[in-house]
Every structure is written in structure tokens, then in C-alpha cells.
């Protein structure tokens with residue numbers, strides 16, 4: 001039993017086994033394998049919350065304008081055309097800055113870009129609350145949209161690049177739920193603030209409830225900024241830009257956060273390199289910057305991608321044009337439908353009798369009032385949208401993104417058709433709400449686009465298609481308002497035709513096949529089991 005030769009042989013066998021295990025552990029792991037081995041837990045829930053706050057900040061800032069429109073109409077004596085410009089000012093800012101934001105996110109980093117976006121947008125939004133006339137308000141709402149655009153598109157790349165194939169689509173879809181939370185949050189704030197009758201002055205302007213409301217909305221962007229300070233750069237971005245050691249260190253931290261174990265127990269020691277990322281370190285002049293932007297943009301229209309890129313952009317333009325065009329005037333529509341003279345009338349009859357000029361009171365001043373019942377309806381709508389997105393998130397893998405899109409668009413067609421005959425208030429509101437909910441499809445299209453574009457151009461691709469989508473929102477906000485109040489019937493029939501075309505376009509969207517998804521899921525499961 002005390003044979004020294006036997007002990008020596010055992011030691012040698014043990015050392016050999018250890019060395020073999022180390023050499024196995026030091027093999028190169030692909031990013032998909034490495035991110036799967038970090039597990040799924042608290043870090044990803046925190047990431048979802050922070051990303052959601054960024055997304056929510058965009059929607060609250062832009063949507064808040066529609067809630068204060070009746071008050072601004074009186075306080076700043078805004079005409080219908082000026083209201084349309086104000087409604088679209090934020091979206092125009094998003095359109096003009098999206099391409100630059102996508103470029104910065106792909107070259108400077110997703111997190112760094114988002115931090116700057118939230119900070120600058122908060123500053124301009126606060127300044128807009130002290131506007132002395134309608135054009136100053138329009139200018140600073142434009143700047144708010146210009147700076148906050150990163151929170152709309154970059155956040156999809158930020159959220160998606162911390163996930164493997166098994167959880168990415170679900171979390172990106174859950175991210176869209178924060179749009180619905182924003183639809184509930186903003187009207188809830190409006191109920192508490194807008195009915196207030198305030199007096200006095202501050203910084204040379206009269207204190208009004210809509211000014212306080214705009215300042216209160218900034219709280220979401222500030223919370224998002226605080227959250228972003230705790231989130232690292234995405235490991236996928238770091239890997240593509242050759243910062244392999246930083247990517248590995250980030251993965252170790254995610255593993256430790258999710259599992260509660262020491263980061264040293266993370267089994268991956270070597271990541272397979274990926275190339276293709278562009279860096280601002282190579283930019284030394286304006287020409288270098290323009291050349292780099294061009295290099296980041298051209299791949300979107302590569303021969304293998306051009307059809308899908310154009311199809312996705314076209315869909316986003318129409319989807320957001322319809323959804324935002326209706327939504328921006330939704331509070332006004334509810335106010336008009338709530339009038340006693342509108343009971344039992346067709347929607348188009350009510351809209352064509354709408355007074356587009358400010359309503360002066362008997363003493364010559366404009367009577368400002370906020371209808372709380374309108375905000376309660378919007379909160380209910382936000383809750384309904386949240387349920388819809390939750391259903392999307394947990395059925396999207398089984399049903400398929402394209403099938404969900406086409407099913408929702410068929411429902412939209414039915415609702416748009418029914419609006420020509422419905423007379424009951426509640427039925428009209430439900431039909432308009434479901435038609436407006438076509439905006440939910442924009443999130444599904446974004447999910448498809450996120451999977452379609454590779455990492456090195458992912459943020460640029462997402463920002464580009466969102467830029468086109470927001471351009472549609474600008475057009476919808478300015479055009480639909482006038483059309484609904486002048487040629488209502490023809491407008492709804494035209495929108496119905498557009499949705500039919502969208503249904504056909506959705507059929508040709510790129511989608512991961514079930515067999516490919518199954519193989520990727522099996523590979524990820526195998527890697528996770530082997531690590532255990």
C-alpha cells in the first residue's frame with residue numbers, strides 16, 4: 001500500500017488530467033457559446049430595466065407633446081398647422097440624427113452613445129418647458145428628439161448583444177413592453193399635473209401645468225442615465241472591435257452576477273476573434289469621418305441585403321406613419337367624441353365638425369382645460385398594449401414573427417373598415433385603438449431587423465430603419481391631422497389599402513427558419529451541459 005512508484009504514477013495521471021482539462025478549457029469559444037455559458041439571471045433583468053427606461057424615455061418625451069396639445073393651443077395661441085409641426089418636431093429630430101447616432105454607436109460604443117443621448121435630451125427638454133412662444137417650443141422639442149434618438153434604436157442593439165440565440169428575441173420583444181408602460185406613465189403623470197391651476201412666474205414665463213409636466217417627464221431620461229452608468233459595454237461590440245480581453249472580462253462579470261459564483265469559475269478562457277468593427281481612432285478629419293460613415297452604410301445595401309433593407313424600411317415608414325399620425329391626434333379625437341353633441345354620431349361626422357382654431361372665452365382669453373377621462377382611456381389602452389406585447393414575447397418563437405405581423409395587420413384592416421359604420425363611443429374607441437396599435441408591429445419588424453444585420457453594422461442598420469420609421473411618423477403627424485378633419489372617409493379607406501400592402505410586404509421579411517433555430521438552440525444547450 002505504501003508503494004512509492006504507485007503514488008508517483010497516480011500523481012502523474014492526475015497532472016496529466018489537469019493539463020488536459022486546462023488545454024480543453026483554453027480552446028477558443030465562439031461568442032454564442034460564451035454568452036450562453038454566462039447563464040440568464042439578475043444581470044439580464046437589470047439590463048432589461050435599464051434598456052426599457054431608455055426606450056420609455058423616448059416615448060414619454062415625444063408622446064408627452066400630444067397630451068399637452070390642447071393646453072399649448074390656448075396658452076401659446078397655436079394654430080392647427082403649428083400644432084402639427086409641434087407634434088412632428090421631435091420625430092424630425094430623430095430622423096435627422098438617427099444616421100449619426102447609428103454611426104457613433106457602431107464606432108464609439110452603444111453605452112457611451114446612449115449616456116450622452118440621455119443627458120443632452122434631458123437638458124433640452126427642461127429648456128423647452130420655459131418656451132415663451134410656440135416656435136421656441138417647437139425648436140427645443142426638435143432638439144430633444146435630435147438628441148434622444150439613440151434611445152429608440154441603439155437600445156435594441158444594447159439589449160440584444162448581451163443575449164444568446166435562445167433568449168434574444170424574447171427579451172427584445174419584452175423591451176417593447178416599455179413602450180406600453182410609457183403610454184400608461186405619461187397619462188398618469190398628466191392626471192396628476194395638467195388639471196392643476198397654477199399662478200405666478202418663473203424665469204420670465206407664466207407658470208402653467210403643461211410646463212411642469214414637461215419637466216416631470218425628464219425624470220425617466222435621468223433614471224435611464226443613472227442605470228446606464230452601471231451597465232458595461234456589450235461584449236459582442238468589444239469582441240468585434242478587437243478588444244477580446246475586455247469582452248472576456250465583461251462575460252466573467254455577467255457570469256458572476258447571474259450565478260453568484262466567483263468570476264474565476266467562468267469556464268471560458270479564450271474567445272474566438274471576430275473582425276469587421278470600425279473605430280473612431282482612425283478618424284483624423286471630416287473626410288475620414290464621412291468615409292467611415294459611408295463604409296458603415298454601404299453594407300446595408302449589399303446585394304444580399306438590399307431587398308430586405310428596402311422592404312423593412314418601407315414597412316417601418318408606413319407603420320409609424322399610420323400609428324403616430326392617429327396617436328398624435330388621439331387625445332383630441334377622444335375629447336371630441338366625449339362632447340354631448342357627438343353621442344350616436346359617426347366618427348367622421350364628429351371629426352369634420354372639429355374647430356381647428358383656439359376657442360376664446362367670453363372675456364377674450366383662451367379657456368385651458370385638461371380632460372382627465374381622456375387620460376384614463378389612454379392608461380387603459382397602455383395596459384391592453386402591455387398584455388399584447390407579453391403575448392407576443394411568449395408566443396413569438398412558436399408562431400413566428402411574420403405570422404404575428406400578418407395576423408395583426410388583418411385585424412387592423414377589419415377595424416379600419418368598421419370605423420365607417422360604428423356609432424357607439426366605446427366601440428369607436430376600441431376600433432381606433434386597435435388600428436393605432438399597428439405601431440406594435442414596428443417592434444416586431446425591429447426584432448427581425450436586429451437578427452438580420454451583423455454586429456459590425458447592427459446599430460447602424462437599426463438606426464437607419466428607425467430613421468425611416470420616424471420620417472414616416474413626421475409625415476403621418478402632419479398629413480393625417482388635416483386629412484382626418486377634412487376628408488375623413490377617404491383617409492380611412494386609404495389607410496386600409498396601405499395596411500393590405502403591408503400584409504403582403506410582411507410575407508417577404510427575412511426570418512430564421514425553425515430548423516436553423518433548433519440547431520442553434522441544441523448547440524447552446526450542449527455547450528451549457530458540457531460546462532456543468
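Cβ atoms here come from the backbone N, Cα and C positions, even for glycine.
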For TrEMBL, the entry transmembrane segment belongs, out of 22-46, 172-196, to 172-196
Among 490-509, 510-529, TrEMBL marks as transmembrane the stretch 490-509
_If contact means at least 3 Cβ pairs within less than 8 Å, sequence distance 6 or more, would you call the transmembrane segment (310-330) and the transmembrane segment (428-450) in contact?_
yes
Listed stretches 47-72, 84-104, 462-484, 490-509 vs the transmembrane segment (172-196), most Cβ pairs under 8 Å: range 47-72
Note to self: Would you say the transmembrane segment (404-422) and the transmembrane segment (84-104) are touching, if the rule is that at least three C-beta pairs must lie under 8 angstroms and be 6 or more residues apart?
What the structure shows: no
For the transmembrane segment (490-509), the distant same-chain contacts (Cβ-Cβ under 8 Å, at least six residues beyond its ends) come to 307-308, 311-312, 314-315, 318-319, 322, 348, 401-402, 405-406, 409-410, 412-413, 416-417, 419-420, 435, 438, 441, 445, 448, 480, 483-484
When only pairs 6 or more apart in sequence are counted, do the transmembrane segment (428-450) and the transmembrane segment (47-72) reach 3 or more Cβ pairs under 8 Å? no
Problem set entry | Segment proximity, the transmembrane segment (47-72) to the transmembrane segment (462-484), 3 or more C-beta pairs under 8 Å | no
In the same chain, residues at least 6 away from the ends of the transmembrane segment (404-422) whose Cβ sits under 8 Å of its Cβ atoms read 346-348, 392, 395-396, 428, 431-432, 434-435, 437-438, 440-441, 444-445, 489, 492-493, 495-496, 499-500, 502-503, 506-507, 509
